[in-house]
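According to TrEMBL:
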ACT_SITE  391  active site, proton acceptor 1
ACT_SITE  391  active site, proton acceptor 2
ACT_SITE  518  active site, proton donor 2
BINDING   230, 527  chloride binding site
BINDING   390, 394, 418  Zn(2+) 2 binding site
BINDING   390, 394, 418  Zn(2+) 1 binding site
DISULFID  160-166  disulfide bond
DISULFID  359-377  disulfide bond
DISULFID  543-555  disulfide bond
Ligand code: X8Z
Ligand code: ZN
């Protein structure tokens, strides 16, 4: 068989790689380093066999370092204190500095003809870190320390209304969802944002250090590194995002128009002016990123039967464990093996009363084999029931690709990882809820507008937020936005994309991006924008495989082993192929396409357009 030979193109634009998905790992073994250095001293050129050996030993070295780093990160995030912070930072630094060093050494093979598989792994290695470390050990240690500190500041963050009345983020999230007094909402909204001004200087320093690490790898800055993980030139990826957003924007504008009008009715047009962005504290969510919690304010006038999953969970006495078990059983119905015993023993499902933890939900793959866990402070709500499916989607993906070589363990692109559990959650339909006994009756189709509106408030409303977080970060990383402008640039983007504004003037020391988990934790965010498109493409295809004949928003793939098999085949590919191939393996198309989102919500668009007649839209 003919072997394809691939040289690495020197143009940075032609990087074809994906982000590794592991950012907390470290290392000590120098065996490859020695043999390669010996070769360099002899000045013999590298050959294809050297490249293969380099990849093999790299994978062994990184695998060795990743597990202790992940264990320490778990310990820290589930028990924030001085010691866990120090150990986690220490082991994270070991992993990151080794991974950064190896990524640099991958450049030794730029001009060597290697097979396609080795070339892909070299590219993935170079692109694999979220925040690469500078080679100077003092700087590398400082970077790890800041990274760990920011995570802890967010996790331990509280707002004290009075000396004795301190609220944690979970408490505040519940208030934002359920409270309707605008003064209370404003107080909580402002209160949570007191957590982030002290992060600003650290964040600035972190960006400077990681930019140095990226430069040493041959990138202009971390922005170019982050945008380079999508199997296409970094600048083309930004154009793809614009294309998808342009598809969705008319729908978003219609939803925004309706929601603003209804909020105006609820709170008065002094508080919600009808020609301006919506004040960010009134949308039922701390970050105004998903709006499903204000369904009661914006719902259709005619009484509709829309299932209240929160109420159903309460009525059937679901607790945290039962919610997770129920989510697992969905995956089991598709043919996935049950989660291991250790998942149930080691996961964190509830917020401990006595210590600080990072409550933001996450899914973990500690040993890249079977030690899967989730960490959540589960609230007994329908919203959280979906988040549990989201997290388990990560765990099932991780397990599906565990047999692949280490550098291929990850999702096709990071949007895929975020989309799997959400895809399953789209199947939490009335029919499904009846099947599992959570509700007794299925509302008929005349109620569907209500159901679609509730879901659109979460899914469509989220999309511009999913886009803007990294639009802000990319500008920060590239230096286009300087620290004096961090906050104003953030609000410019919030207004531009979401049509949402700060409810009060922000002080000059405010650092509002820091009050969103993914900024202090350095989790890239474009992945969620992509996931909100991809999940509808996946759902459409899986419903077809499941033999669905109902409107797509009533389809549940529950119990379809055929759909499960097709899904698993894509998951098992990990990142061994460009994401376009993984997408095509399931959907038949290599293109991300928001048509699937628009088709899903099509009846709602007509309804919104009717509601908006005569209203002033836009901001
Ligand atoms: O962070 C998450 C997941 C964990 S990967 C809970 N999400 C984003 C967020 O909460 O901001 C899911 C949707 C968007
Ligand atoms: Zn996720």
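Positions of Cβ are set from backbone N, Cα and C atoms, glycine also.
Heads up, TrEMBL stuff is auto-annotated, nobody curated it.
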Other residues, Cβ within 8 Å of 390, 394, 418 Cβ centroid (Zn(2+) 2 site): 363, 391, 393, 417, 419, 420, 421, 422, 531
Recorded positions close to ligand 2 - of 160, 166, 230, 377, 418, 527, only those whose C-beta is under 6 Å away: 418
Cβ neighbours within the same chain of residue 391 (active site, proton acceptor 1) - under 8 Å, at least six residues apart: 361, 362, 363, 374, 376, 421
Sequence-ordered recorded positions from 160, 166, 230, 377, 391, 394 with Cβ under 6 Å of an atom of ligand 1: none
Distance [Cα-Cα, Å, rounded] between residue 160 (disulfide bond) and residue 359 (disulfide bond): 18
DSSP state at residue 160 (disulfide bond), helix/strand/coil: strand
Local Cβ density at the residue listed as 'active site, proton donor 2' - other Cβ atoms counted within 10 Å: 17
Cβ atoms near residue 418 (Zn(2+) 2 binding site) (within 10 Å, other residues, all chains): 25
Assigned conformation of residue 390 (Zn(2+) 2 binding site) - DSSP reduced to three states: helix
Spatial separation of the residue listed as 'active site, proton donor 2' from residue 359 (disulfide bond) - C-alpha basis, Å: 12
Nearest recorded site to residue 230 (chloride binding site) by CA-CA distance, among recorded positions 394, 418, 555: 418
Minimum Cα separation from residue 527 (chloride binding site), reported as the residue among recorded positions 166, 377, 418, 543, 555 that achieves it: 418
Assigned element (helix, strand, coil) containing residue 543 (disulfide bond), judged by DSSP: helix
Residue 418 (Zn(2+) 2 binding site) - helix vs strand vs coil (DSSP): helix
